[in-house]
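The annotation signal peptide is assigned in TrEMBL to A:1-24. Sequence annotations record features per position, and here TrEMBL assigns transmembrane segment to A:34-55, A:62-80, A:100-119, A:126-144, A:172-189, A:223-240, A:260-285, A:297-320.
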Ligand SMILES: Nc1ncnc2c1ncn2[C@@H]1O[C@H](COP(=O)(O)OP(=O)(O)OP(=O)(O)O)[C@@H](O)[C@H]1O
Ligand SMILES: [Mg+2]
């Protein structure tokens, strides 16, 4: 087995072991932390499809994270208010069913990413970073001025949404859901990486002039990757909103984009389990350093600086060595 | 005479005041190697850029298989059967030799939007790629990342990628640059075989190779073609000798 595969397996099992141990020790808060790791990792897996596979440095992924979160609120609040979702042109009820909410989030995230990507991908380099940031901020200000969903204050969803056969209010059940979704997304990212699509995308990232000379247009490839990326991150947003039972514009703010980006860099850009390792490290730092000092982000910044300067493959790169081409 | 596969008609391109391409016309016919020579900065790479579609001419046309492709982009011209190599190797450094060549096969055959199939378990894809890798002698290096290849190996990878496109015409920009005498000799033998697959427009500074391979030679100086003809004609042309070749290089 390749060293990285082994490492990935260890990380996956460790993330599973923590909440099981916490359950045995009756430490529900640790389960919640592990769930948060899984969900942020999922958001990072989404970003990594754009950033790692496609080389698109998006500083606007909070847009998709927030779209997923607000999609959850849009679908679930009518139910708690005993109102229909809409009455025109057809009468449609809201839903508290997670599978339907996830579907809504994925579709909304994909549509949002298609719109933002189609425009942003006409630029490149620093302009791409700025334009994705600008789109994210546009949605942020829109949410702030959207009174129906609490504006600046956001909106609470009092009862966690349901999943057939599970009690989602039980922290371990909810963790299991988030973990399963994360594994599914990792499988998707893995398959993408080794597919003809992933090959063309890697080529477009590393040698764009050559890929065009081979008859492949990078724009459409990148747009497709951006759409998939946005959809996965939106799914994470829906889960995150369910974890907190609360949605607010801060999900859409550029701080959120930055955090998702930071955790991918911490773990390793373009490495399959980079976002998982990064999210775990991020949450651990936030929890323990945050307990010691309210300036914990300063330490986070220093660690980030160290990784960018000395360990470009992030945690995964440091532990598993250089990336080897897919076989 | 058979119709040319590639034809360039009265191409013009200026970079500001510099006429990089000045009324250039040439043809590339089936089975031939047409060498394009000229001093540094003559406009050879610029002409290749115009042919491949990286640059848009101020005036003139590029025809592939008799069809005007002047308005088409790089990818469309590649799909129409044009394979080019770059003066400075442009391969994906993080992909293996096999992956780079598989990518070229994929470009020619389509299928870059298949999301879930495993690229390298596709026998048709890897089979076609391996055939070309064997031909250029990189079989033992197939799993090595292209970024780790030696210079000469990378030139050969470039060629394998062009071959894998199964093109109607090759446009090669200094395939032997920096290769060393042994590498250049191997490359010459390889190119000699290639002409039967598709004709080659060959930009090259290595005069030994050019004189051995070329059926026709065109000489580009300051963006203009100052002479065009067989090897013997070009060797004997006094204008060419003063403008470019220099007496001592012709013995
Ligand atoms: N994009 C550009 N903008 C401005 N000038 C350019 C550009 N590309 C090339 N040139 C100029 O056009 C001229 C022709 O350049 P080109 O690269 O085509 O020469 P070449 O014949 O390929 O030379 P070499 O043998 O050194 O590769 C040179 O004077 C070069 O400086
Ligand atoms: Mg040149």
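The backbone N, Cα and C atoms fix where each Cβ goes, and this holds for glycine too.
Automatic, uncurated: that is what TrEMBL annotation is.
With respect to Cβ pairs under 8 Å, the transmembrane segment (A:100-119) is most closely packed against A:62-80, considering the stretches A:62-80, A:126-144, A:172-189, A:260-285.
Here the transmembrane segment (A:34-55) does not lie next to the transmembrane segment (A:126-144) in space: the count of CB pairs under 8 Å, restricted to residues six or more apart, is fewer than 3. Long-range contacts of the transmembrane segment (A:297-320) within its own chain (CB-CB distance under 8 A, at least 6 residues past either end) are made by residues 2-4, 7, 262, 264-269, 271, 273-274, 277-278, 281-282, 285-286, 289. Across the candidate stretches A:126-144, A:172-189, A:260-285, the maximum count of CB pairs under 8 A to the transmembrane segment (A:62-80) is reached by A:126-144. Using a Cβ-Cβ cut-off under 8 Å and counting only residues 6 or more beyond its ends in the same chain, the transmembrane segment (A:260-285) has close neighbours at 4, 7-8, 11-12, 14-15, 33, 36-38, 40-45, 47-48, 51-53, 59, 61-62, 65, 182, 186, 189-190, 193, 233, 296, 299-300, 303-304, 307-308, 313-317, 320, 323.
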